[in-house]
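As recorded in TrEMBL, the features of this protein are as follows:
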type: TRANSMEM; residues: 23-40; note: transmembrane segment
type: TRANSMEM; residues: 52-72; note: transmembrane segment
type: TRANSMEM; residues: 79-98; note: transmembrane segment
type: TRANSMEM; residues: 104-124; note: transmembrane segment
type: TRANSMEM; residues: 131-150; note: transmembrane segment
type: TRANSMEM; residues: 156-177; note: transmembrane segment
Amino acid sequence: MADASRETVSSTSADHRALRRAGLIRAVALVLVGLAIAFTATLHESFAFDHWLLSTSLTVIGAVTLVEYWALRSTLESWWVAARAVIAFAAAGALIAVADDVSLALVIVFWAMLTAVITLMRLLRGVQPRRVAVPSALLSLALAVVTLLVREDPVAVIGFFGAYAVIRGVFLGISAFDGGSVGAAPDADTSAPRTESAI
């Protein structure tokens, strides 16, 4: 019995370490995306460059989200994370077909809205802490609304996207170091660890 308990604790600790690593990887990736956008500000007047930068950024976001999915793959809730990765990849692919500023902005709007919906669904299912999920969902919704309002200004669109990436990256980094963000929900199945996952 004691050996079984130790194995359970060891497994849980390993899961938490994997989730923390996934959070840190996503945090670094998001901050780098935001910095890349900030340091290429003089090129944002070019639609072709904006198109390439946003598509690359969404691909990176999808890739690092798969890292989180891998850490959660043994839980029933992992498919929510996989859905976020698929949505990011789909948005990156959709950008290939856009040929104007408004369409580019609308892709970002739909991506941000779907990301917020998934975050809220995970919150309602009790697998993500409220203090993590609510700010995450609000950030995604804010990006969607602001992008919709400035949809005809690609420089503003990519600027807000970059700001979102930096804020989310910092938030993820803090959450990754906060032990309270990763643990079993008191009223949920302990096989589904809670983790910050709202990009």
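In case you wondered, yes, glycine gets a Cβ from its N, Cα and C as well.
Of the candidate ranges 52-72, 131-150, 156-177, 131-150 has the most C-beta pairs within less than 8 angstroms of the transmembrane segment (104-124). At the 8 Å Cβ threshold, with sequence separation of at least 6, the transmembrane segment (156-177) comes into contact with the transmembrane segment (23-40) through 3 or more pairs.
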